[in-house]
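Have a look at the structure below before the remarks.
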Protein chains: 2
Amino acid sequence: MKSLSELREEIDRIDREILALLNRRARLAQEVGEIKKKKGLPFYVPGREAKILSKLEEINQGPLPPESIRAIFREIISACRALEEPTKVAFLGPQATFTHLAALKHFGTSSDLRPMDSIQEVFDEVEKGRVDYGVVPIENSIEGIVNYTIDMFLDTDLKISGEIFVSVNLHLMSKEAELSKVKKVYSHRHAIAQARKWLSENLPKIEVEEVSSTAKAAELASREPGTAAIASEAAALLYDLNILAKNIQELSKNFTRFLVIGKTDSEFPSGRDKTSVMFSTKHVAGALFKALQPFAVYDVNLSKIESRPTKKKPWEYVFFVDIEGHRKEDRVAKALEELKETCSFFKILGSYPAGFKE
Amino acid sequence: MKSLSELREEIDRIDREILALLNRRARLAQEVGEIKKKKGLPFYVPGREAKILSKLEEINQGPLPPESIRAIFREIISACRALEEPTKVAFLGPQATFTHLAALKHFGTSSDLRPMDSIQEVFDEVEKGRVDYGVVPIENSIEGIVNYTIDMFLDTDLKISGEIFVSVNLHLMSKEAELSKVKKVYSHRHAIAQARKWLSENLPKIEVEEVSSTAKAAELASREPGTAAIASEAAALLYDLNILAKNIQELSKNFTRFLVIGKTDSEFPSGRDKTSVMFSTKHVAGALFKALQPFAVYDVNLSKIESRPTKKKPWEYVFFVDIEGHRKEDRVAKALEELKETCSFFKILGSYPAGFKE
């Protein structure tokens, strides 16, 4: 058995080897950068980066888990890319918010992250070319879609080049200082569902009322004595509530999803992609059903469908659909082609590597 | 000249080598963990980690800059440490705040970060052994010290094992929508000093008034038409102000400093350390001057001195001093020994690797 100091010497030796390889990798990345500059190619190729990560995960024999490999290589890739010029990323600010965490998680610490005051401003910065990418929230696994972001895609030609998940914990909060004083619990029905086990074990005989959002629940709890809300810490802070129990959601975590927007999508399939499309059908019975048929025919999974009224005509809807697969995959391309034919309006928002829930 | 695909193949080869080395390093770290477990030694040794980083920076020949090397190895070390068990860290919550960013920056993404409701709760969690470390704000380069954290050290025997810096940008904000409407600017004097150049170039004839904090400035700007504040984005959000100009501070950035607290300090000198001590002198003229004399004699730099009234006697003060160097360095040890002799109360809060402002 080796001694502590022998093991440490070996670790130091390995670290020096890793350092040398990192710098060799960086020099190669610089050469890649020069070629790209000459040819006018983009520096950041999300599909290639996702593929690098997924290939490494495949051959990874451990003991390091895939999420650690991803975290380490995200920093390596971010650092090599920054040698050319740090990737400029606008995000919905202020600093130190969930969107900031999402941008860090995706682009690494060696990027130039710039907080913006509004989702609109993030889109503007990307459109005007002042930044390379933007990061905006798109949905929360509890509250659902961020309509403002969805609507922006109606007014712009920007594409989606990535998605990011960041976990958000749920807590029981109240103006009351003790759990025994709580006679009623408010929350969004998804949050209630996620906390059902905890509620049945800890507050079995308490009335539970569904409201439109966890923020609304927190607001009600701040006004009505004897009530509590299931919501995030941010809500507890905003409405000055006491957190009576932490992390009461089931194992399936609560995530907020963010989109990376840019002038192009992720053209290069990574092998684990999603594609987002936007379309309108004629306002006739069964139109949506018919529109979605190609996905069934070509065995393409729908991971999400949302509808939003258009601003132009009453009762005219735009549908936003996320599907599994890349637009360059055969079955996906065929399904999209057929869908397009049934639509009065059709736009591919982009194909991009699927995010990791971790 | 190599082609794009040749370069990429080479990068992929290097990535596979790095992956293999990472897993070899992880296995060695596991062996270290087993020995430590047998001997009852702590898993996290901040001094050793800082030394690993500083040695790598020394031999680093580039092109990767030192801050990228630090960011990559912080994730490597975090991942290897987590194989034994993720380091449990309590931080002042909620999630997605500057303290969360600080904890991530220091402990990496492979650690178990737990948001707490108050600074007191962070200290409690560490004292009760429910987490390994805590992260709390200690001072902002503009507003100064966080008194609550300072006071906690009077009531606890916890030690300081690290410090972390996170940068915070300054903006001009107002209820007005245009800069031309601004007739007066409020801010803390440090923020005004940092923005002097911008003010003289952009608002040369405007009255500037010093107030106690940037938050106070933002509050005043939210109530008085025609005024603006220099403050952080968080303040703009809180008081619903328009940001009229971004990042108006000088190059010297505005940082918030955080402390890592634990049951022990960083015993192992890293070569680039600080030491924090706390002491009271007798209430006689010249007592503080006399107390500080040993630092001059032994050539020890003071990087900060703060005083706080004790809760026990009026006019009795406790001083908090940060010095450069580790308590195990000869000149530091001697200076502290002599200081101790002149004090009615004396406590070493800990020696720890100095943080990086980046």
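Heads up, the Cβ atoms here are built off N, Cα and C, so glycines get one too.
Values in this document were obtained by computation on a predicted structure and should not be read as measured data.
Range A:4-31 is the one annotated as coiled coil, of A:4-31, A:88-115, A:312-339 (source: TrEMBL). According to DSSP, the domain 'Chorismate mutase' (A:1-88) comprises 69 helix, 1 strand, 18 coil.
Just so you know, the Cβ of A:THR256 (site 'Essential for prephenate dehydratase activity') picks up 23 other Cβ atoms within 10 Å once every protein chain is counted.
Broken down with DSSP, the domain 'ACT' (A:276-353) shows 24 helix, 30 strand, 24 coil.
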